[in-house]
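> Take this structure first; my questions come after.
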Amino acid sequence: MEQLFSLLDSTIRVATPLVLAALAGMFSERSGVVDIGLEGKMLVAAFAAAAAAFVTHSPWLGLLAGIMASVSLAMVHAFVSVTYNGNQLISGMAINTIASGITPVLGLAWFQQGGNTPQLDDDSRFHDISLPLADALSNVPVIGHLYSKLLSGHSILVYLTVLIIPVVSWVVYRSRFGLRLRAVGENPHAADTAGVSVARVRYIALFWGGVLCGVAGTFLSVYQTGSFIKEMTAGKGFLALAALIFGKWRPLPAVLGCLLFAFADASQIRLEGVDLPIVGQIPSQAIQVIPYVLTVLLLAGFVGRAVAPKAIGVPFVKSR
Amino acid sequence: MTDFAIELNGICKRFGAVQANRDVSMNIAKGSIHGIIGENGAGKSTLMSILYGYYHADSGSIAVDGKTVRIRNSQEAIRLGIGMVHQHFMLVDNFTVLENIVLGAEGGLLLKDGMAKAREHLQALNRDYSLEVDPDAIVGELGVGLQQRVEILKALYRGADVLILDEPTAVLTPQEADHLFCILRALREQGKTVILITHKLREVMDITDAVSVMRAGTVVGNVRTADVDKEKLADLMVGRKVTLKVDKAERAPGAAVLDVRQLCLTDARGVKLLDGLNFQVRAGEIVGIAGVSGNGQSELLEVLAGMLEPTSGEIRYQGADLLQEKSSQPRAALYRKKGIAHVPEDRSREGLVKSFPMFENAILGYHDDKSVSKGGLFSRKMLLERSRDFIRQFDIRPDNAQLRVGLLSGGNQQKVVLAREIHANPELLLIGQPTRGVDIGAIEFIHKRLVELRDAGKAILLVSVELEEILALSDRILVMAGGQISGEVAARDADTISLGLLMGGHKH
């Protein structure tokens, strides 16, 4: 039981930035703009947040800085791919390259710690929060355990993410903006003739994508590790993109995909050095590969036909 | 107040060298169905695009409800109560009907209220005009006829009083077209004004109150439908053009090279694009296929060239049915090897790779030709030599075989394609729109070449929307309308009126 709880607990921690990034990707891709720059935006946000939190001693100002850094890269992407109809893959690739280049350079110049930021002290980090009554309930079997061990004791950013999921889902399916977002990604010409500004919708979508990536990056540096480490996103942006495709560009299934990937990742850590029945000890390399094999298998076989938004990757040029 | 919903005065519009609209004036009465009829390129669509705010007229004025207005974009047109049903529907396929209708006119940040209001409104419209559209159906799963009604609903929901329909029946089955006309009549009864762009005489005679005939960018007649008949309209639409002179001796044709029997092609939506075609093309004759574009000619060419698979029928070439041939290679390559050359209608997309130099384009589709390769590799020298031959024989300018083909003029591009196809010494040449976008000098040259080929005993199937060209070149003329052959005429007996009637779908 303890084992399972702690496994699920780390699943939640691993999943949070993935969920945020996947939802970010959903906004931009649903509007018809390919977003392989999730990785870069998260990385820049992680750096900016850690640097700002270190200087100001406020995790919240760190979050703000992270969001601003991520949003500015998102706007570069919008400028290239919406205003100038540039190639969205190249623009996204450029964002990733810029991010992995500029963060250690600035880090080295500002903090002289090999491109990383200094370890944040306790005041400058986001902390785990105990939900009310967590202690009192911790002795109640099952339900109390579930509450105090699993639901309680996460960062405010985790709870924020849990709130964001239904909000995003609601925005996409129940609001005017969501309708326009989906229309613009599917058939921008139809949206245009109906009097919707395609460029405006895409800019807004990329903006919110930038905000969410900013939160994701901040979670990594200001909460999880307490400092920025070079290349600390380590492919999470691409994993989020994979989860998005796994969820067929729909918010809730994409979140499910993130949880699945996170679970695989969390169990990998648990399985290391453990004697399993029959097979015995599995070499750690074989375990580390599990999330990736899972990704490939899921994307190749189980998703079925993942139908992307029809206009994805195609710059909108008025036909008349 | 005025009796006219729309008044157009002296509209001019020029695109580069093409004068698409020249001093066009017409008045469209309120509560009427007004037809605008004309051949391809007569300027109908341009005129309506100006009215709907896509283009801006170079000069002239538009009045809506008697007030002179400037329409800068389609949103302003919508605000003035003008709605348009495009030929290619502007719908989001994976949305429901309701979502498509409210898109852009949601009436608030949240969808709930707007959608509920739209649903009520939609049900009222459905009832008034017997549209029979389910608001919760996914648009992509609806048939073409229903999708078109969704477009009409979209316009009505936005408060359109004037509805423009651009070739609405082009994609419809006859039954769907009949239903559409019922709807249009209902709209007229409710006081709406309908503008119907079409090239089909039957439609004009059936449901319009007045009609404007356009030809080469100008209005050649504004008449009340009751005052004219089909013959008069066909005459106005096609006009009497100066016939291009091509010196061509009478020649007795030989045996049938191509014999098409009961050829049918049905698309995924169940629309019959080719509907039971029967005809022959004999050695030493040019058979011209006339018709307004979009009546199956393009599909016919593609089927004969092996690019499309027909649904049923036979294509007998030199006595054997091509469709029974089994081969591992693509059909188009197989047919080509058998001596069927094809100059496609859209040469820049299907005939050439525009970013390749001329000498590479000169062997496209004939890569296996041993005479341009040595030991399995292309010989650049031989390739260049061949294209220099082409340049000499076809007077291609500039005479530089290494130039990217995209840089050549339309006429010279066409010469490259023609040279390549004729070089293969085909028994049957399929040629679509041989002189579209080609300058006068090159037209004459290309026509002469085609006649030479015919005189050399080859069979030629010519598809063109230029009646003039069909009349000048053909020995026999077949007219296609609605995927069928609506008539056959010997070239010497043909005149524009009878052809115009046939093109309008009026059978012999």
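Quick reminder: no glycine exception, Cβ is built from N, Cα and C everywhere.
According to TrEMBL:
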TRANSMEM  A:12-28  transmembrane segment
TRANSMEM  A:40-57  transmembrane segment
TRANSMEM  A:63-82  transmembrane segment
TRANSMEM  A:89-111  transmembrane segment
TRANSMEM  A:156-173  transmembrane segment
TRANSMEM  A:203-222  transmembrane segment
TRANSMEM  A:252-269  transmembrane segment
TRANSMEM  A:289-308  transmembrane segment
> Near the transmembrane segment (A:40-57), which residues from the same chain, at least 6 beyond its ends, have a CB less than 8 A from one of its CBs?
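Same-chain contacts beyond the flanks: 17, 21, 24, 63-70, 73-74, 92, 95-100, 102-103, 106-107, 110-111, 117-118, 120-121, 123-125, 209-210, 213-218, 220-222, 227-228, 231-233, 236-237.
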> Between the transmembrane segment (A:203-222) and the transmembrane segment (A:12-28), do 3 or more CB pairs sit under 8 angstroms, pairs being 6 or more residues apart?
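Answer yes: the transmembrane segment (A:12-28) meets the transmembrane segment (A:203-222) with 3 or more Cβ pairs below 8 Å.
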> Report, as numbers and ranges, every residue of the chain located at least six residues beyond the transmembrane segment (A:89-111) whose Cβ falls under 8 Å of a Cβ in that stretch; write 'none' if there are none.
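Sequence-distant neighbours of the transmembrane segment (A:89-111): 34-37, 39-41, 43-44, 46-47, 51, 54, 73, 76-77, 80-81, 117-118, 228, 230-231, 237, 313.
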> Apart from its near flanks, which chain residues at least 6 from the ends of the transmembrane segment (A:252-269) lie with a Cβ under 8 angstroms of it?
7-8, 10-12, 14-15, 18-19, 22-23, 26, 165, 169, 239-240, 242-244, 246, 287-288, 290-291, 294-295, 298
